[in-house]
Amino acid sequence: MRVDIDNMEVTVIIVMLLSLSEATNIGDMSARSKNRGKGSMWWGIAKAGEPNNLSPLSPGVPYLDSSAYYGTLRRKQRRLARENPGLLDAIAKGAKMAINECQFQFRNQRWNCSTRNFLRGKNLFGKIVDRGCRETSFIYAITSAAVTHAIARACSEGTIDTCNCDTHYKGRPQVFANGNNAAAVANVRDFEWGGCSDNIGFGFDVSREFVDTGERGKSLREKINLHNNEAGRWHVQSQMRQECKCHGMSGSCTVKTCWMRLPSFRVIGDLLKDRFDGASHVTASNGGNGRNNNKGHSNRLKHPRMNSIMSNSIHAKRENRRKLHKYNFQLKPFNPEHKPPGVKDLVYYEMSPGFCEKNPKLGIQGTHGRHCNDTSMGVEGCDIMCCGRGYRTQEIVVVERCNCTFHWCCEVKCDICRTRKTIHTCV
Amino acid sequence: MHSSEWFETDESLLFYDDNIILEETSQGVWEDCVAPSIFSVAYFLSQLVLVNFIFALFVSTVRLKKELFHLLSGVCGLYLIYQLEFYEGKLLLILVFSSSYLVLILIDLLQKALSLLGKEKIHRTSYFSSSNIIKYTLIVILVLCEYFLMNAATWLEIRGLVMVFSMKLISLVDDMEKDIVQFPSFFNYFGYIFCGANVIFGPWISFDEYNLMYDKPTRKNFRWMFSIVRTLAISLFFLTVSNCFCNYVIDGEMPVFLQSYKEALSFRTSHYFVSFLSEVTMLSAGYKNSKIWNEPDKWRYEIVNPLKIEYPTALATVVTHWNKPMHDFLKKYVYRSWLPLGKFYAILATFVMSSFLHGFELKVSVVLITIGIFSYLQFALREYFAGAFDCCMRVHPCKGCCKHKHKREALLSICFRLLFTLTNVIHLVYLGMLMDSSTDEIGIINKWRSLYFISFWLMSINVSIILQI
């Protein structure tokens, strides 16, 4: 309880920032037919079809106006969306979650994952994604992770008809597309004990199909994007656990109920941020070393997946057979003495640009007007954040909830407090 | 710092704030745990209710022939067994259950042979009485299954069913011996053993009670359906508590006592889930407590009383209200037959028999026998205190007019009883946490050590009071 309240202050401010930044983006939905080659156009659906970008998808409206989405999607993505009703809503939710998490993780850094420059024909995160730097790798990883997470969660909620707690995803998702509840329930029998454990598998597979679809080429750039997408998914996969419990007379096991425990997306954001800090610098592999490294890569691919699905050997078997060799390449570390990047590592091949000054060519806002902490010596400190330009100090009044108490059961009642706060902004 | 003049302008902020609270707390539990938990049993439960519901409607509308009634009842049970998600063991169950009729015949023949030999009917307390033979054979089979014959997972799956079956068989043979019931026809036996209302989750019902449905079917009405829905809702509520809310309210970083409380609570609520579920199956098949059999407006088949267990005034009440039909069974067929040897032995024998019925699994037996001894000691201490302080504080309130100086509602009595309730809560945590599946890895002693063997200390105080003063 305590922790939540401490966070709340932060979230209030973030929400304020967000609402400011996103107010400018409404209506930027039109003509993006150029730049189709980029696989990351789908990020745009985070902003599609919603007058208010902040509120989560309301449960009362099962499917949003999908035509708004379609402008940003490739053919294959559209097909997936068509075959799996409800998928697009989950992906949109995931994309939003990714943006929020990225902005949370980078709230104190010079680059704050802003999505302000969502202009015509450009990517949601701006031109920074055209480069192959650390920040780009994080964006790719977190969006792909968020999609996996959101799909898995939607599965357990039953909002994607082709995947719910009852049915296996066997590569032909349209089988149960009728969405009839009774039919879905009847398919419980097909599902061996495991409850909703396979949702993450569905999330993983669909995220692969959907997110990676644009990265078909053989260039280093695309391989890096694939690797980072994959890294994001692995982090979700490895954090997820299935828990089962037996019920029956005096501890016997007449019925078994299972449910999944997907960590909150914050956990995954934290993990990816750690990987961001230790991201591997890679370079184009020159010819010969693809051979010996292939082995290493496929081994690595095998283990985390197996560990995470260990609880159900049937799954492990199936997964191995199916998807081992899809991404059969190995990236070479820039410094030959370093280890080749693992499947969960983020990789980049270009150095990050400076984020201090406004750079329209790269779509960088600069740190002008950012908040900073005058007492901190870290990246959020005013010295580093403002790149030595100095900062302004002013006093503002923040309205927030306070003195929250938990009332049985189950609501939290809070007072509304007005707090005077001193904030520092970079000039 | 606090004032209200800014209030109106910033309402939009508060709205977003709300969303964040919702998303970070309860919603996750619903989506990740409550929904999938219910989903994963929904199909089986619907089958369970529907099959019994149709059976009940059929029985009360059409006057069936006797054989047909029993056949229908048994087929319902067979279908439900078939619906269970076991890999193995299903066929075994069906074979063993059906062939047990042969055992019944064999025993009958044996009795006839023995009585011819001895020229008189074997007395029912003798070792060779058919009820004793069947009891000990079943015990041997159960223990063999637990430890030698079957792999642990399969046995765990079918143990509940085998227990109910064993109780039915024992009670039937015992009743036959006492000439309460006649030797059953095959159909009658088949219907009783495979009765869809109680083959999966119990409860144990006596042969007479089973046949009552044919002789005098209960009147079905709107209240009947309502009671099914209500009991099902209660049952699912306990399922979600057991699976989800326990973990949600008590997370992994809280002190060890709370962790243990969580494990025990999770086990107890799982038991409530199963018990209410078995009540659902009984109700939907049209069964109800025999006391209210003729009252069409009352629909209950009481199995467990969660209030009496969550607020345990005495360990003896916990034991009684844990599983009433099973308690009745043990009282009628075990306790009474051992009573001539003395109360303590009778209680001990009951709990030993109960743990044998559980296949003598280590943790279950430890829990059962400990709770048996504890409840006896507590009973004795309260008797002693009631005399020493002249205070009405026995486990059961004094019958009629209380002759003690301090009545049941007197402060002294209330204080003592609260104290006992508190220690009982501790005992229940101490014992209940063993039932968690983590015990198999951690070990019983290690688990108890983490709570500093607190229950044993409490009980040793208890014993020393009884012995010394």
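Residue numbering: from 1, along the chain as shown.
The backbone N, Cα and C atoms fix where each Cβ goes, glycine too.
Here is what TrEMBL records for this protein:
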type	residues	note
TRANSMEM	B:38-59	transmembrane segment
TRANSMEM	B:68-85	transmembrane segment
TRANSMEM	B:91-111	transmembrane segment
TRANSMEM	B:132-156	transmembrane segment
TRANSMEM	B:186-207	transmembrane segment
TRANSMEM	B:228-250	transmembrane segment
TRANSMEM	B:270-287	transmembrane segment
TRANSMEM	B:341-360	transmembrane segment
TRANSMEM	B:366-389	transmembrane segment
TRANSMEM	B:410-430	transmembrane segment
TRANSMEM	B:450-467	transmembrane segment
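The transmembrane segment (B:341-360) is in contact with the transmembrane segment (B:132-156), judged by 3+ CB-CB distances under 8 Å for residue pairs 6 or more apart in sequence. Counting C-beta pairs under 8 angstroms (sequence separation of 6 or more), the transmembrane segment (B:91-111) reaches the transmembrane segment (B:186-207) with 3 or more such pairs. The transmembrane segment (B:366-389) makes contact with the transmembrane segment (B:450-467), as judged by at least three Cβ pairs under 8 Å among residues 6 or more apart in sequence. Stretch with the largest number of CB pairs closer than 8 A to the transmembrane segment (B:68-85), among B:38-59, B:186-207, B:270-287: B:186-207. Long-range contacts of the transmembrane segment (B:186-207) within the same chain, counting only residues at least 6 positions beyond its ends with a Cβ under 8 Å from a Cβ of the stretch, are 48, 51-52, 55, 66-67, 69-81, 84, 97-98, 100-101, 104, 160-161, 163-165, 167-169, 171-172, 175, 274-275, 277-279, 281-282, 284-287, 301, 303, 323-326, 328-329.
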